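Structure first, commentary second.
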Amino acid sequence: MAPPPQHPKNRSRGPAATGGNGRPPRRMASRDAAERAAFFARREAAAVLRRVLRGDATRRAAGSIKSLVYSPTVRNKRATFALVCQTLKYLPILKEVLGSSGVLNSKWKKQEELVIVTAYDILFGQGIAVSGSAEQLILTHKDTLSSALDRICAKKKVSSVEDLLGNKTPVKPKPRFLRVNTLKTTTESVVEELSKIHKVAKDDMVPNMLLLPPGTDLHSHPLVTNGKVFLQGKASCMVAVALCPKPGWKVIDACAAPGNKTVHLAALMNGQGGIIACELNKERAKTLQNTIRRSGANNIQTVNGDFLDIDSNDPSYAEVRAILLDPSCSGSGISTERLDYLLPSHSRDDQDDASTSSRVLKLSAFQKKALSHALSFPSVERVVYSTCSIHQAENEDVVNAVLPLATSLGFELATPFPQWHRRGLPVFEGSEHLLRTDPEDGLEGFFISLFVRKAAGGDAEEPNEDVTVEARRKEPNEDVAVVARRKQTRRRRSGARSFSSLRLSRMILCSNGDFW
């Protein structure tokens with residue numbers, strides 16, 4: 001009988017390395033699993049970090065840190081989120097250490113984010129390293145990096161690395177808000193299921209909105225992954241409710257991605273009527289389509305194109321009755337929730353002058369143009385202009401600048417959620433109709449304005465507590481003159497109802513259902 005094959009000498013093999021059944025001890029297997037998990041988490045974190053830093057550098061972010069981490073392509077979301085946030089927190093230190101030590105040479109420049117993430121994890125994190133090339137690079141130069149770190153601390157006269165970190169704004173705990181997707185389930189059934197593991201309360205103002213304790217993580221819960229529930233803030237949900245589209249209406253969501261407000265509109269309309277969801281950015285348009293698929297809405301048409309390129313006089317839009325305009329903005333009202341304080345641009349910006357920065361003024365000019373365009377659609381009756389900004393230049397100033405045009409077209413400012421206590425800044429007559437939310441309210445910083453076209457000889461309809469619920473159940477009584485004018489418009493614009501006009505010919509149309 002031939003002798004059994006001999007294993008090459010290896011310190012990991014031998015009596016002490018195996019259990020009585022010849023298998024590795026559980027502790028070793030557990031360590032191997034932890035090393036593998038850390039290895040893959042670094043790669044996922046590096047991919048997210050690359051998108052975050054590139055978006056921040058160009059001010060064209062593909063999404064917030066949270067939205068990028070919690071996308072379907074990231075498997076180990078919890079570990080990846082922690083790694084990305086901590087790496088960003090230590091980023092200035094890591095770049096200085098890696099730069100002074102010469103570790104980031106031309107060979108590794110294309111994998112800079114992976115090297116940075118790995119350096120953080122080995123120097124400041126858990127220190128678990130599998131034999132990947134980036135891990136071996138950092139381990140080989142660990143003493144050099146540690147010496148460079150000591151020199152930086154000495155130069156800046158601090159005793160620890162923590163003293164090098166700038167003051168980062170902590171996120172004040174807020175309730176976990178979630179919206180029940182009534183296209184797929186009921187609020188009662190969701191409350192029944194979640195009450196088994198969480199304390200659940202219903203919001204007293206926004207229909208189908210639930211509150212859970214701060215810090216509740218539901219990203220992997222089946223209710224979320226199958227689209228029965230959307231993790232959406234209360235202020236964000238107030239936008240679609242303020243527009244209050246009726247079932248059967250034709251609606252435009254002008255700047256739709258990531259799509260939470262779009263599918264909320266579909267739910268308020270009971271899946272009836274039609275919604276055109278416009279998104280200019282190609283990557284964000286894909287996110288929009290994924291959101292729509294998850295919601296189960298079949299009355300939404302997505303357009304990868306510019307809302308401003310839509311010809312409001314095109315016959316295809318003669319029946320549009322409501323427009324939701326939530327355009328690009330500074331995001332200053334959700335910068336904390338978005339973790340923007342971790343981004344390099346946050347430290348570069350002079351926050352005291354942010355409200356009058358050139359970027360905000362450029363955004364304000366675009367917002368005025370987009371709102372004016374939304375009001376130009378001949379049959380539109382309700383337009384909501386909203387932002388997640390706290391800056392007057394993007395909010396009250398935009399509304400005030402467009403108000404003369406709105407008045408000439410027969411619109412008035414109505415009062416969404418009149419029971420809400422925080423209204424617009426008193427910078428022009430009528431600003432009390434505007435709505436603001438603030439972190440002091442336990443919400444994100446949002447701004448909402450509602451334009452309603454006056455009926456002939458009447459006043460603008462101002463929605464109240466009852467309207468937000470009842471308006472979805474029945475068509476309101478319309479003035480005879482309004483109905484006659486709409487019929488006349490339809491006759492005048494009869495003919496081909498093709499979707500694309502000449503100005504939209506270059507857009508990519510992605511169908512998610514039958515167009516209206």
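In case you wondered, yes, glycine gets a Cβ from its N, Cα and C as well.
From a predicted model like this one, the values you see are computed outputs, not experimental measurements.
According to TrEMBL, the features are:
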- C388: active site, nucleophile (ACT_SITE)
- C255, A256, A257, P258, G259, N260, K261, E279, D306, D326: S-adenosyl-L-methionine binding site (BINDING)
- 166-454: domain 'SAM-dependent MTase RsmB/NOP-type' (DOMAIN)
- 1-33: region 'Disordered' (REGION)
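Structure coloured by features recorded in TrEMBL.
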residue: C255; record: S-adenosyl-L-methionine binding site; Cβ within 10 Å: 20
residue: A257; record: S-adenosyl-L-methionine binding site; Cβ within 10 Å: 26
residue: G259; record: S-adenosyl-L-methionine binding site; Cβ within 10 Å: 27
residue: K261; record: S-adenosyl-L-methionine binding site; Cβ within 10 Å: 23
residue: D306; record: S-adenosyl-L-methionine binding site; Cβ within 10 Å: 17
residue: C388; record: active site, nucleophile; Cβ within 10 Å: 24
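C388 (active site, nucleophile) and K261 (S-adenosyl-L-methionine binding site) are 13 Å apart (CA-CA, integer value). Put simply, C255 (S-adenosyl-L-methionine binding site) is 13 Å from C388 (active site, nucleophile) when counted between their Cα atoms. Overall, the recorded S-adenosyl-L-methionine-binding residues C255, A256, A257, P258, G259, N260, K261, E279, D306, D326 cover a maximum inter-Cα distance of 19 Å.
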